[in-house]
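J.: Look at TrEMBL and you will find B:Y30 tagged as active site, proton acceptor. The domain 'CYTH' annotation in TrEMBL covers B:2-148.
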Number of protein chains: 2
Amino acid sequence: MATEIEHKYLVTDYSYQSMATESHEIVQGYISRESGRTVRVRTVDNTAFLTIKGACKGMSRPEFEYNIPIDDARQLLKLCPGPVITKTRSIVIYEGERWEIDTFHGQLEGLVTAELEVPNENHTFNLPPFVGREVTGDHRFANSQLTTYDALKPAL
Amino acid sequence: MATEIEHKYLVTDYSYQSMATESHEIVQGYISRESGRTVRVRTVDNTAFLTIKGACKGMSRPEFEYNIPIDDARQLLKLCPGPVITKTRSIVIYEGERWEIDTFHGQLEGLVTAELEVPNENHTFNLPPFVGREVTGDHRFANSQLTTYDALKPAL
């Protein structure tokens with residue numbers, strides 16, 4: 001088990017694109033979306049993962065992640081009752097920190113978020129220029145809760 | 001992905017105990033109990049598995065199983081909202097077939113089931129003497145639906 005502590009922000013401009021050092025295509029869905037026990041299936045390029053996340057305690061969340069065969073993942077995505085999310089993940093290294101910028105596609109086209117995983121809740125860092133409002137802990141922006149960009153507009 | 005095809009029976013007497021060639025202690029719980037996408041955490045002696053089962057089609061059911069660290073499994077069992085099941089699994093080889101007899105403990109003490117996994121739906125076999133009524137497909141006996149022996153009595 002790992003513990004995930006991360007900050008999440010909305011992204012306000014596209015300057016991150018020229019700063020990105022790598023990018024990956026992600027497809028993901030949720031076998032279970034229940035708060036405190038989400039079960040996520042994700043493909044990242046040609047690899048795949050099954051991830052279970054427990055309940056948040058403050059900013060921390062227990063996370064269990066397992067590498068699985070990609071053919072299994074493609075079958076498991078068909079079991080997911082809700083929408084399957086597609087997004088491009090760009091990696092930007094800013095002042096030594098590894099930011100993950102997710103550009104959503106399909107029904108969520110228009111949504112771009114930036115996340116930074118930190119080693120502890122007191123860790124300090126500077127914000128890159130493309131980062132806007134912080135939405136850490138706002139469950140409307142949890143990937144497990146996302147449906148369409150239109151449904152998200154009141155939260156933007 | 002594997003496809004699971006199995007027959008399940010109630011066990012009527014304890015003669016299986018003297019016929020068993022091995023036995024294992026199982027602890028299991030469900031992260032998701034939703035029909036068509038159960039997510040099970042199971043420890044078998046000192047090993048552990050995460051298993052996702054899809055929807056039944058006739059007697060067949062797609063099954064995805066992954067070996068996980070036992071310490072993860074112990075943490076994941078704490079995330080399960082429903083009861084954690086403990087049972088002893090005895091293996092009986094009868095006329096060349098490998099029967100799994102589950103003797104439930106705790107709140108389910110009194111329930112004993114026998115299962116036989118078969119290679120296809122037309123596979124024929126003989127029943128061992130300790131086997132009673134068939135309950136294949138009866139969701140009241142699905143492990144994901146079990147709560148207490150008392151709750152199960154009307155189905156026995």
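Start at 1 and count along the chain as shown; that gives each residue its number.
Quick reminder: no glycine exception, Cβ is built from N, Cα and C everywhere.
Curation does not apply to TrEMBL; its annotations are automatic.
Mind mapping these onto the model and telling me what they sit next to?
T.: Other C-beta atoms found within 10 angstroms of the C-beta of B:Y30 (active site, proton acceptor) number 26, with every protein chain shown included.
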J.: For the domain 'CYTH' (B:2-148), report the average pLDDT of the model, please.
T.: 94
